[in-house]
């Protein structure tokens, strides 16, 4: 019984994901004014040829800051999970 | 134009990932389903910014100036890094759970142990 | 826990090329496909190759976790510090205070395709290098930590 509910949920999700693709047009993005600005003026304003790097490090630098912070936090959390309280081979979670 | 094939494939991959998360009992396979959903989102983002007959947005020796959208590619890069971080954290938790319970099956893990 | 001599010798040779390729991707991040994250991931792959060939104990004797930990923190500090310098120069946070200034990385670029000049980009190459240093430390640390949780890596 539970399996059928899950399958029904999956089918509903598939339909919900497939219906919006009908309104999209591959190869012809709907709203491009911001990206056109980046392509036209990004090279002159920042000097970098790679527009993706310009967007990542300059125009949307806060995104990269948050991203780097997420990576730092993940490493800290993994280190906390595997931390060793004492010098011998005993782990804290055992 | 190509009958929106990349969007349909992204939707199918996302549903396969959610199905793996719903139907599988093994925690490793649940994390694999999560990674599949991330991959589907990346594919959707990159396909959303594609422009017909355009080149990658890099001006070094570029053959033209008709370029695909750069912002969604930056978003995809952010998503990849965050995906690495979450996957590493979830796999660490799975290792701890396996050490404590002797199994990564969610039915076994459900019982509380002191 | 090290592998056979053939694997170790091959890893020694390939590691140099992986390191060179990774630093090339980081340094040319503002001109060619790539950037800090991708190059840092490539360099971390080189360290993972050394771990697979020699075992984590041998690598930790040479570098130590503190080395990777401080490289990660240093990368993030340089990244935030570069963004903060713009505040003291009267611009906004994350402003590109080196672009088109004529100083280091300050060559002006006109719109349109060009062969590429390393001395451009303002703060973008500096931030690429900072993020590359951070990612190489972070990914190597994740592998080392997860290996220390297994039986043979403990």
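Yeah, the Cβs are placed from backbone N, Cα and C, and that goes for glycine too.
TrEMBL does not curate its annotations; it predicts them automatically.
As recorded in TrEMBL, the features of this protein are as follows:
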{"type": "DOMAIN", "residues": "C:6-140", "note": "domain 'Na+/H+ antiporter MnhB subunit-related protein'"}
{"type": "TRANSMEM", "residues": "C:12-31", "note": "transmembrane segment"}
{"type": "TRANSMEM", "residues": "C:37-55", "note": "transmembrane segment"}
{"type": "TRANSMEM", "residues": "C:76-99", "note": "transmembrane segment"}
{"type": "TRANSMEM", "residues": "C:123-147", "note": "transmembrane segment"}
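Relative to the transmembrane segment (C:123-147), the listed stretch C:37-55 leads the set C:12-31, C:37-55, C:76-99 in CB pairs under 8 A. With a cut-off of 8 Å between Cβ atoms, the residues of this chain six or more beyond the transmembrane segment (C:76-99) that come close are 105-106, 121-124, 126-127, 129-131, 133-134. Residue counts for the domain 'Na+/H+ antiporter MnhB subunit-related protein' (C:6-140) by DSSP state, with H, G and I taken as helix and E and B as strand, are 89 helix, 1 strand, 45 coil.
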